[in-house]
Amino acid sequence: MASAAVESFVTKQLDLLELERDAEVEERRSWQENISLKELQSRGVCLLKLQVSSQRTGLYGRLLVTFEPRRYGSAAALPSNSFTSGDIVGLYDAANEGSQLATGILTRVTQKSVTVAFDESHDFQLSLDRENSYRLLKLANDVTYRRLKKALIALKKYHSGPASSLIEVLFGRSAPSPASEIHPLTFFNTCLDTSQKEAVLFALSQKELAIIHGPPGTGKTTTVVEIILQAVKQGLKVLCCAPSNIAVDNLVERLALCKQRILRLGHPARLLESIQQHSLDAVLARSDSAQIVADIRKDIDQVFVKNKKTQDKREKSNFRNEIKLLRKELKEREEAAMLESLTSANVVLATNTGASADGPLKLLPESYFDVVVIDECAQALEASCWIPLLKARKCILAGDHKQLPPTTVSHKAALAGLSLSLMERLAEEYGARVVRTLTVQYRMHQAIMRWASDTMYLGQLTAHSSVARHLLRDLPGVAATEETGVPLLLVDTAGCGLFELEEEDEQSKGNPGEVRLVSLHIQALVDAGVPARDIAVVSPYNLQVDLLRQSLVHRHPELEIKSVDGFQGREKEAVILSFVRSNRKGEVGFLAEDRRINVAVTRARRHVAVICDSRTVNNHAFLKTLVEYFTQHGEVRTAFEYLDDIVPENYSHENSQGSSHAATKPQGPATSTRTGSQRQEGGQEAAAPARQGRKKPAGKSLASEAPSQPSLNGGSPEGVESQDGVDHFRAMIVEFMASKKMQLEFPPSLNSHDRLRVHQIAEEHGLRHDSSGEGKRRFITVSKRAPRPRAALGPPAGTGGPAPLQPVPPTPAQTEQPPREQRGPDQPDLRTLHLERLQRVRSAQGQPASKEQQASGQQKLPEKKKKKAKGHPATDLPTEEDFEALVSAAVKADNTCGFAKCTAGVTTLGQFCQLCSRRYCLSHHLPEIHGCGERARAHARQRISREGVLYAGSGTKNGSLDPAKRAQLQRRLDKKLSELSNQRTSRRKERGT
């Protein structure tokens, strides 16, 4: 009789599974009721307008039907979809939206067709006409839930059998038995490290339970394979399971290399092509009875065709009876062949649910297996683990409960305990008595590993010497650049206005700004020689994954873009993470799952780039540790370094001639804090020695962390960044403007934040500023702008032309110009040209010299020097009134985008802003982008107040009067009409008299 603990567990699990099932059914129902078929097809869960192309009989007499798009001319291809082999689908008639004809399993999916396997029970109900149109819709998996419930009920009723002692241990009714002695082993894999060898010995010596905890990259699968091989060597029969087909196939591939007799159970459609030779189908096809089975199938196909052709009811009945007899014989012969195949295999592999009693394993005795191995146990529902556990006296669980938990649809069921895996429950209950942890990882650079080790694995992990310092630049054909020379890169979007999409009807989240940053970083890696196939882009949100695919797949077909859940167990040389969340509320939502972030970061081998808004993610403690770690041990960049047209928060034209100055406004006092977009590059062990002096103290949050301010000679005094550093750069630039020098170079010792400051200050003063060089040799050159276009029309050197004057630093009034006077670096200042022209006219009127004398540059020079002495900011220009040059400059200004730094032409495509009377390109035509945001809002408020129209199409304000006021006006009108009528009556009487 089952214990109280078992009964309580089974009752609770059945209730939670019912919640989960109801949630999944409700989700599928909402798809069908609330979403159009076209929308379902665009989401990839439905295929419309299909026709039947072929039918045949498959394994176990199943009917295989191939569907393809209905052709209208040339051959058509299927639309983009998420259908994969093994999915359960419903077949519908296109003419009848609500009627489901049958359910089946996808066996093959290509770009032009899909093949569905239907059970034999559908054969006679299905009458598929090649001329009709059909559709396929993904369905919830009823089979899985039925098997889970069946296993729980079997656990509750379990009295005596091979798993009795194991059940007592797993539910805490008895302690694990003492370990047995193991003779010294000869390992099949001679490259195992100490922790792996210890785990193998421990697993083999335990009598009921052993847990192998394998953090990312520690060779967990290698260890599990060694355990299986050693068990087979001892003469044990092993049942090896995992929650997913991919995990099982991975074990099959590894065991096949060791020449073991293995058998893979499962639907043929769900197996990788590389291991199908080890599947039950393939083994049966190679058996002695294969030809007889093939002949019986052929007979079934022939009788089935005859049944379709005949119209006689008696003949149809005879054909059906014949098919039933043939299928019975087919089943008997297949079962005999299956039993022979099962008993000849040393290792049988299947998914947890594939090991159920209603599958091929029902042919074996109850105590056939000696040990059950469950890989990736931490990702499996505990109920699914009990399907194989009831078949053996000992179990070995392997996985990592610090990574993703089992996937569930019902949030309520997950919180109530459905997401608690068997491995996590037992590890917390028994601890080191049953757990062995692998400690040497063979995947990640030590800088990538250390964060995960410290935050998730108690600092137990160490990097193997072969991977401890490997970088992208060490790959063959990859150049050494800033991107390929760092293992950790943080691109901070804080303060850049790259907010997430706010779609009320979207459950998922997206961020187009981060998509652009990802694209630019990938291009930098590819340009450096990193193959796109070695790069992965990972995001926690499916909507962001879709946006990334739309933007990147056509340029980089080999690039892999997946969600975090879809990438667990995988690895790439470079991984780019898009965290998506960027909002003023500081909500992180889905990112709050610590284990999901652990999985995302630990997929990378040599380089991981995190793109996020530090101001948002720092609201979550765990994410804050990640940002702080990248800040201290990696390179930090702001999104401003990637995107030229970023619109920072609080953007305004009022205080500068460019966008950079407004972007640098901190949220707090300028002397003590700065925004997250202005982070300093952090030092790292694998970076250049110059960066080592810029490491920041540990334990401080990113928001309050103070970067070091390096001096121009390469020093890096510690302390909080103050206004003095900015003032130092500003003083240098002002001194340069007052000097006769035309160019000023800043040394390469500046970090990225200092370079950003220099760019901003140079832009404020209207100077040119360019960054040159790569890596440690990157420096900034600030230069004075070339003379105005009119200077080119003056006389050549040596002909008495005017000598060029040095630029004069602009006054505060000049730096605070209104928005309409914003201009790009190559656009002439029309206001200055106009003032110079007026000055020349006045000068000509006050000087009685001849026109020839006025045209002489040498006679004009003394007067200009005199005017300069009086403090007028005039610029030396030729004395001729070049009206054509003025017109040409005006035309050029009208044909160029008015946004600072933008030189795009607006002759063909451009938008005119009525607020500032300038033309802008399509990237900058919105008032909020080019600096007219406040004016646009004021204009909109005035229009709404005047017209009563909130937005286009909302209609106008009701113009009807208030009823009381209308009645009052009506009374006044009636009174006035009465008075006028009385006046006319009195006049008539007077005339009559």
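Here the Cβ of each residue, glycine as well, is placed from N, Cα and C on the backbone.
According to Swiss-Prot, the feature ATP binding site maps to G214, P215, P216, G217, T218, G219, K220, T221, Q403, Y442, E571. In the structure as shown, the Cβ atom of E571 (ATP binding site) sits within 10 Å of 15 other Cβ atoms.
Under the heading region 'SS DNA-binding', Swiss-Prot lists 638-785, citing experimental evidence as support.
Here Swiss-Prot flags 651-723 (among others) as region 'Disordered'.
Swiss-Prot lists 723-786 with the feature domain 'R3H'.
Summarising the annotation, Swiss-Prot assigns region 'Disordered' to 782-828 (among others).
Marked as compositional bias 'Basic and acidic residues' by Swiss-Prot: 818-828.
The region 'Disordered' annotation in Swiss-Prot covers 841-879 (among others).
If you look up Swiss-Prot, you'll see 864-868 marked as motif 'Nuclear localization signal'.
Taken from Swiss-Prot, the feature zinc finger applies to 891-940, supported by sequence analysis.
Remark: C921 (Zn(2+) 1 binding site) has C897, F899, C902, A904, G905, V906, L909, G910, Q911 as non-local neighbours, by Cβ distance under 8 Å and separation of at least 6 in sequence. What Swiss-Prot records for C897, C902, C921, H924 is Zn(2+) 1 binding site, and it gives sequence analysis as the kind of evidence.
Annotation comment: Swiss-Prot describes 971-993 (among others) as region 'Disordered'.
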Report the DSSP secondary-structure composition of the zinc finger (891-940) as helix, strand and coil residue counts.
16 helix, 8 strand, 26 coil
Tell me the Cα distance separating H924 (Zn(2+) 1 binding site) from K220 (ATP binding site), rounded to the nearest angstrom.
53
G214 (ATP binding site) to H924 (Zn(2+) 1 binding site), Cα to Cα, whole Å, comes out at 52
Helix-strand-coil residue split for the domain 'R3H' (723-786), DSSP-based:
32 helix, 14 strand, 18 coil
For P216 (ATP binding site), write down the residues of its own chain that are at least 6 apart in sequence and whose Cβ falls under 8 Å from its Cβ; none is a fine answer.
D400, Q403, Q441, R443, M444, A452, N598, V599, T602, R603
Please list, in sequence order, the residues in the chain of T218 (ATP binding site) that are at least six apart in sequence and whose C-beta is under 8 Å away from its C-beta.
S195, L438, T439, V440, Q441, Y442, L461
Looking at the binding-site residues C897, C902, the one with the fewest other Cβ atoms inside 10 Å is C902
Looking only at the domain 'R3H' (723-786), report the model's average pLDDT.
80
